[in-house]
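The structure follows.
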């Protein structure tokens, strides 16, 4: 009567259609989730938390608890309103007459509400079985009353109904006209007036807010999921039949009322059904029974949600009390706590005051149920196989959109406040709640999207403008490589970063895969060191075979390593840097125990010098760039914390092949790649204060300033900011020429000019010359944080591998943190 009196038939039917459209979409989602596995206590909270994870589940669980609590208070207040309307002493009279014996005031109405709520509490404390029996009895009473009301519309003759308006100290006359076309026409359009119980002017949104609370019972069955014998069977059938039944009844009642009652009666007397009924007391009993049932339903629903929240330990000790149950399994403490909160809400007083808040909360919960089903559907997980199939992602999306639109139409303030509260709960649970083992839908969605985008990442469309380093760092034992792992993380520039590790074992001789138990230790290491890296472990008969496997197989689609990073092969004893790493010293956490202790100085190495150089040669054959990092464990990044210190740290770059002084080029592919890597490091957040120093080796009579200008122009074209230093190296190169037969420019040199790293060159460079080149590099100031040097290509003759490695060791001896770089791919671009 309230709805059609203010909104008219057309708008009332539209309200029902909108409300039941939203509810229908949500019911489809509820049925889908309910039939996809075993349900436990908590209803919608259980569904959402197991689908969307603890953050969403916990925050929506709290809001759903509050919605049920406020809903229970709403129905108790509605019942009090009906009782006072029937038995209350009229205002202005000191004593009642006849059945009007109950005093009316805020405190008396609060007392009546408290008594009625205590009755609900008693039923809920006894347990779910007595509640089920009580609600079934109420269902029979309401069905009987509904039958008499439908008969009354046809059986009652037209009558005038006197209406007293206690709040306005006035009275009016309403009319029951029987079926009349004139009455129907008068009630077709909206005619919003003042609500006589609150004195507030009604509107579409305020009437819809009150009406929608009559439709929120769809979750009553799912809230009882922990008490049902077969929830996945009962919830879909019970919920869908309840929705269809109530929708038909509401529409039928709306039409009958509009065709038989004038607007004055509908707007000014919400209890008019008693006046037109063939048996008036039965209507009163029906209203009391229906309202009491709704109040009990919301109270027991709230208690079950609170119990499920407490049992999941999302809020720690705050809800520990709610875990306690009776011998029969009834969560009595959750019921009592829910009753206390409902009692507090009762202090708000009038029914329509809290209707908007309750509706907003319910709509938000319904939207999230639809979101949970949508996420499960979009994730396309094979285990999402609900037996209820009458839904699609379109229905979920429509349900979400409908809920969100109606939330803001009903009350923009309440909707905004509810979303803000939800966001706060989400953030709090994200940082404070313990990790769960429920499975995170976010992981399934991320997998789905990543797979889709990886398929779209076409290597045939790669362009040098968008090149980025994609690193494969080989790590024997992370205990001795923490600073190198951290350094390469700075060097990757948002590219792929893979930590590769090889176990020298034969799977045929093992009962199971030995790498699986190690995976967690490596992943924990990545988390603790805060590096954005993947982990790739493999079994191989030798290190060289293992590196080949990883270079061939690491990555996926367009995300594959293009650069191999190796530690340097020398006789230095590895130091355990893991125990001293800030990630473990600052948090007092134990170092992961999954890694073996470092090898002693006397212990043999896992690979020979020849095999080590062979790995470099293999990588270059496979068109991978190679970085050899020496003494990176001595790199101290403490200057990061001294940002105001002066001077800033420096990065030294030597883009010339120091082992081949007769082919000193600065613009070949390898030199440009070396420049690019130094620039990439300088772009990393931790290295932005550092300054690039580029060293140009010049000889007498070679026009050094012209070379410098040419190099400066190259840097300008490449947008690389670096300070150029001219380094005379006649004294160094003289040692090289003296060691060779014949003067410079002879036939031997002309042949070698064809290939920058002609293999025979390895045998033609003396240790004396290399030591002189080493001193030249060492003497340059300021002392750098790290040096980048040109890495020559290994010789073609494998017998020269040990000599090649010896020369690299001499060149980099005592230089501190040094990276030897050899690039095979074009990585710089001057285009837009």
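Placed from the backbone N, Cα and C atoms, the Cβ positions cover glycine too.
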Need the matching range: TrEMBL marks transmembrane segment on one of 313-330, 331-348, 439-456, and I'd like to know which.
331-348
Return yes if the transmembrane segment (285-310) and the transmembrane segment (242-265) have at least 3 CB pairs under 8 Å (sequence gap of 6 or more), otherwise no.
no
Considering pairs 6 or more residues apart, do the transmembrane segment (110-131) and the transmembrane segment (12-35) have at least three CB pairs under 8 Å?
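Checked: the transmembrane segment (110-131) vs the transmembrane segment (12-35), no contact.
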For the transmembrane segment (354-378), which partner among 12-35, 56-77, 136-155, 242-265, 416-433 gives the most CB pairs under 8 Å?
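By Cβ pairs under 8 Å, 56-77 leads among 12-35, 56-77, 136-155, 242-265, 416-433.
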Determine which recorded stretch among 56-77, 136-155, 331-348 has the most C-beta pairs below 8 angstroms with the transmembrane segment (242-265).
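Maximum Cβ contact count belongs to 136-155.
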What residues in the same chain, six or more past the boundaries of the transmembrane segment (331-348), come closer than 8 Å to it by Cβ-Cβ distance?
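Sequence-distant neighbours of the transmembrane segment (331-348): 41, 65-66, 68-70, 72-73, 76-77, 110, 113-114, 117, 120-121, 124-125, 299-300, 302-304, 306-307, 310, 321-325, 354.
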Are there residues at least six beyond either end of the transmembrane segment (416-433) with Cβ under 8 Å to its Cβ atoms? List them, or say none.
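The answer is 54-56, 58-60, 62-63, 314-316, 360-361, 364, 407.
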From the DSSP assignment alone, can you count helix, strand and coil residues within the domain 'SLC12A transporter C-terminal' (483-571)?
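Here the numbers are 37 helix, 20 strand, 32 coil.
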